[in-house]
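Visitor: Once you've had a glance at the structure underneath, I'll fire off some questions.
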Amino acid sequence: MSFEEFTPLNEKSLVDYIKSTPALSSKIGADKSDDDLVIKEVGDGNLNFVFIVVGSSGSLVIKQALPYIRCIGESWPMTKERAYFEATTLRKHGNLSPDHVPEVYHFDRTMALIGMRYLEPPHIILRKGLIAGIEYPFLADHMSDYMAKTLFFTSLLYHDTTEHRRAVTEFCGNVELCRLTEQVVFSDPYRVSTFNRWTSPYLDDDAKAVREDSALKLEIAELKSMFCERAQALIHGDLHTGSVMVTQDSTQVIDPEFSFYGPMGFDIGAYLGNLILAFFAQDGHATQENDRKEYKQWILRTIEQTWNLFNKRFIALWDQNKDGPGEAYLADIYNNTEVLKFVQENYMRNLLHDSLGFGAAKMIRRIVGVAHVEDFESIEEDKRRAICERSALEFAKMLLKERRKFKSIGEVVSAIQQQS
């Protein structure tokens, strides 16, 4: 079988593809054996085919982009080129944070296909762990490290402007995925759209209130402008709890197909916003045996620790590289400790506010927009689910409109507790 043109693979044709690709076959022993490979299609996301492949001497994952959105169908076309940007970002971020990004073994641009490390059990999607009430002792440490390194080292704090513009230009090609985000995060929840849904009839008035909130629309317009215009760093672009796989001592970030040079706060906010959604969903998963109160406190500690560790590590990287190639703040201008500290405090304050705003926007779209989260969807009783969603929605609306009043992540955590 020829693979010179794009062909959607199935379990049978994937065997032929792997055996004809040394970079893959050598990883799992398929180059030395005619034994059948064990292949399982496990894609549960919105966009792609995902296969787990096990051979005589190893395993790997194959991810293939389709020319449409899988969860909707061919009526919503989507470029296969997103696979190129995903593979490129996995490699770039993997170089910067190798402990927290799976290795890429092979990329085929024609087939829109990536072969990468299989994150074997007990790795599970973080979102599923949060639903199950599992604590991860290294989560805040690992995620803050990943975000600090990937965001700092792809920004003008480390790049010179020529290098940065070249990198920005390359990722401008991921325009379709950016436009999808613009639509589902910054537009559809604030207007009537066939793609929107919510827990009806319980949240009918809540969804209408979002569409009629002028102050909310003013804030979301500012965030959309920042998302479209601010090429601050190479961001993952979809860093929710479904894009992280975990064990008790491992944290791996996957699926950066939405990556581009955008505002740092979009990644930080997406991640923290999804932790906040997980917090508000806990009451829907509580039982007589486990009221989830202790687990909710763990989530809040994780939120606070993640930002505080990120802040500390980001500033440390800045200090270590203040005389390096970065051209955002030239060393001969910001040339004393006092002025540099002032600049850093201002930068991180703005970044916190950006992160809170984007996090709130991501929360809102998951409640009254398209593509909801399993944290809420797995709450079987509609009324119970709606109560949890309403609390999260009210908090997100407040956070979006009043984000600039928060001086620390601790104040945000206190506000979450008051809302619950």
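We number each residue from 1, going along the chain as drawn.
Glycine too: its Cβ is placed from the backbone N, Cα and C atoms.
Sequence annotations record features per position, and here Swiss-Prot assigns N-acetylserine to Ser2. Annotation source Swiss-Prot lists ATP binding site at Asp44, Gly45, Asn46, Leu47, Asn48, Lys63, Arg117, Tyr118, Leu119, Asp255, Pro256, Glu257, citing experimental evidence. Feature annotation from Swiss-Prot assigns substrate binding site to Asn46, Asp238, Arg365; the stated evidence is experimental evidence.
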Visitor: What does DSSP assign Ser2 (N-acetylserine), in three states?
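Guide: Ser2 (N-acetylserine) sits in coil per DSSP, no helix or strand.
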Visitor: Can you give me the Cα-Cα distance between Leu119 (ATP binding site) and the residue listed as 'N-acetylserine' in Å, rounded to a whole number?
Guide: 29
Visitor: Rounded to an integer, what is the Cα-Cα distance in Å between Arg117 (ATP binding site) and Asp238 (substrate binding site)?
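Guide: About 20 Å separates the two Cα atoms.
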Visitor: List every residue in the same chain as Arg365 (substrate binding site), at least 6 positions away in sequence, whose Cβ is under 8 Å from its Cβ.
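Guide: Listed in sequence order: Val184, Val185, Asp188, Pro189, Ala371.
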Visitor: Measuring Cα to Cα, how many Å separate Asp238 (substrate binding site) from Pro256 (ATP binding site)?
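Guide: Approximately 7 Å lies between the Cα of Asp238 (substrate binding site) and that of Pro256 (ATP binding site).
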Visitor: Note down the number of other Cβ atoms within 10 Å of the Cβ of Leu119 (ATP binding site), including every protein chain shown.
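Guide: Taking every protein chain into account, the count is 19.
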